[in-house]
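Undergrad: Before we start, here is the structure in question, set down as structure tokens.
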Amino acid sequence: MSSVTDVAPVPATRTPEGTPRRPRKPRSGALLGLLAWLIGFLFVVPVLWMVLTSFHSEEDAATNPPSLFAPLTTEGYQSFFGVGAGTSPWPALANSLTASVVSTIIVLLLAIPAAYALSIKPVRKWTDVMFFFLSTRMLPIVAGLLPIYLFAQWSGLLDNIWLLIVLYTAMNLPIAVWMMRSFLAEVPVEILEAASMDGAGLLLTLRSVVAPIVLPGIAATSLICFIFSWNELLLARTLTGTVAGTAPVYLTGFVTSQGLFLAQVCAASFVVSLPVLIAGFAAQDKLVQGLSLGAVK
Amino acid sequence: MSTTLETGRGRGQQPPAPPPAPPSPPSGGALRRSADWARRAPLLPALVFTIVVTQLPFVVTLIVSFMDWNAYYPDERGFAGFGNYASVLTDVNMRRAILVTVILTAVVVLVSLLLGMGIALLLDRQFRGRGVVRTMMITPFLIVPVAAALLWKHALFNPEYGLLNGTLTAIWRLFGSDDAPQPDWITMAPLISVEVALIWQWTPFMMLILLAGLQSRPLDVIEAARIDGASAWQIFRYMTFPHLRRYLELGGLLGAIYIVQNFDAVFTITSGGLGTANLPYVIYQTFYQAHDYGRASAAGVVVVIGTIVIATLALRTVSTLFQEENAR
């Protein structure tokens, strides 16, 4: 530490004003680049380790020191998709897919018109509406859990995937409204108005002006809503059981150790995370915008 | 909350004729009203849906929090006044849970903000493979939270075959020693273990927001300062940091809102044991296992109050960024 901080000021004191400090740049630049690589590597190591372990046999997975170069096998995946944890993971994966995809579609159907009414033809006090949506995302889910549970019990919707779909829709709607608004706000309104004057131009305008701006926005919004729904545990854990349980709920079956099962845990974790990894890398450029509720571009 | 009210009042004070609305029809009352409703129509489904699904449960929670209601004793249901709040705030476990929630949130947010800022500053420079490093950095955030917690619990922290102790053994072997320390990380430092796993997942989040902040700096001004002989530290202290401040606030507050609610990591890594139970976990237990609905609701209201404090600050920050964005 001290050596790093000592090095930096030295050239600064030597340089008179205006002298370009070129000579310092390459060396420290390369070092800092190396440091960035090192930190990036440290952060990704657990994931790499998970993937590597998932392709080891249970015996090779549980060695100390770790066996990096053990032969690769798909045993972990076989026992995960087979009878590993007692029940097949396919229903859970299918439930997660249903809950995430259907709720994302409903979110879009609700959010796009709402975003339109908040940007292109804004209602009065539209900023207040925006902040109302945002404030609902900030209230903790756990505080609404009991009434939702009692309602589900009363209406017979416990362990029903549609209940999760409705709740995930409500959970993601604020994010989607904020994101979609920030995309729609980029649409040049004058061109839209001019196009609506002569009806023939409207379709063309939609296709050539609106679509290029809005479609990537819709894609990014759906990917982020998908990720949040896919990841959710507390609601799914409380409100579903054997029928509608989602993939994260299935994963909680691995919380307690069961003998030699590390390769299987890693395989399960990797399989369940794979859709999020794919969606996340696909939405990489828009990830910040979604996570910061559209506040940062 | 207050932000909303303030802007609302600000708008309300404007003269009744709407000056900014661009194509306002000649305002005959009925005509204007129907035009208003035409504007509102696309908004209503989303708004009504959100109010019904997110606001109604909280109202019910608030009511139940003043009731004696345990599903195991259905006959004893009745009004409890502030009894549940008194027991929440005096119960040792609940107080411990409040403390754990505060510590967990503060530590995870602060450490991941600091790490995130350091890494964002590193990634803001040009170097070979910058895109690859950025992608590597994002990866932890894209692991399903339960899976990430399982990964840390079983594959990294496990005292017998976890990667941490395995690495220690390998290093010690390298120097010809066979008695490498093999700590049982989770038992030894349960809360820190949970925090480490969460910091690993949340640092990328902070890094992304701060990197976006860094890249929105006015580069010409910084270049001018550099030509005028400002040192790297001076540029950071007087130009970069003030610019980043709002992004630091945003990252910190949004992170806090998510981490206050954290359930997955506590549930998976320690199952709330060893003194790591935070409020969401205790509420889940009180309601789901002990079926004490009244107390669980009172604890829920306590979390909401805590969150509103953070959320009000967060909304204010978002609002400032938002207004700048729209003023541009």
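Note that Cβ sites are derived from N, Cα and C of the backbone, with glycine treated the same way.
According to TrEMBL:
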type: COMPBIAS; residues: B:15-26; note: compositional bias 'Pro residues'
type: DOMAIN; residues: B:98-314; note: domain 'ABC transmembrane type-1'
type: REGION; residues: B:1-32; note: region 'Disordered'
type: TRANSMEM; residues: B:43-67; note: transmembrane segment
type: TRANSMEM; residues: B:97-123; note: transmembrane segment
type: TRANSMEM; residues: B:135-152; note: transmembrane segment
type: TRANSMEM; residues: B:185-211; note: transmembrane segment
type: TRANSMEM; residues: B:244-260; note: transmembrane segment
type: TRANSMEM; residues: B:296-315; note: transmembrane segment
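In terms of burial and nearby residues, how do these features look in this structure?
TA: Panel annotation: around the transmembrane segment (B:43-67), residues 77-82, 84-85, 293-294, 297-298, 300-301, 304 of the same chain, lying at least six beyond its termini, place a Cβ under 8 Å from a Cβ of the stretch.
Sequence-distant neighbours of the transmembrane segment (B:97-123) (same chain, 6+ residues past either end, Cβ-Cβ under 8 Å): 130, 133-134, 137, 191, 194-195, 198-199, 202-207, 209-211, 213-214, 244, 248, 251-252, 255-256, 259-260, 262, 266, 275-282, 299, 302-303, 306.
Residues 119, 123, 193, 196-197, 200-205, 207-208, 264-265, 267-269 of the same chain lie 6 or more positions beyond the ends of the transmembrane segment (B:135-152) yet place their CB under 8 Å from a CB of it.
Beyond the ends of the transmembrane segment (B:185-211), by six or more residues, the same chain brings 100, 103-104, 107-109, 111-113, 115-117, 119-120, 123-124, 134, 137-141, 143, 145, 148-149, 152-153, 157, 159, 162, 164, 244, 247-248, 250-252, 254-255, 258-259, 262, 265-266, 269-270, 273-276 to within a C-beta distance below 8 angstroms of the stretch.
Packing against the transmembrane segment (B:296-315) from elsewhere in the chain are residues 1-4, 58, 61-62, 64-65, 67, 84-85, 87-89, 94, 97-98, 101, 249-250, 253-254, 256-257, 260-261, 279-280, 282-283, 286-287, 290: each is 6 or more residues past its ends and has a CB under 8 Å from a CB in it.
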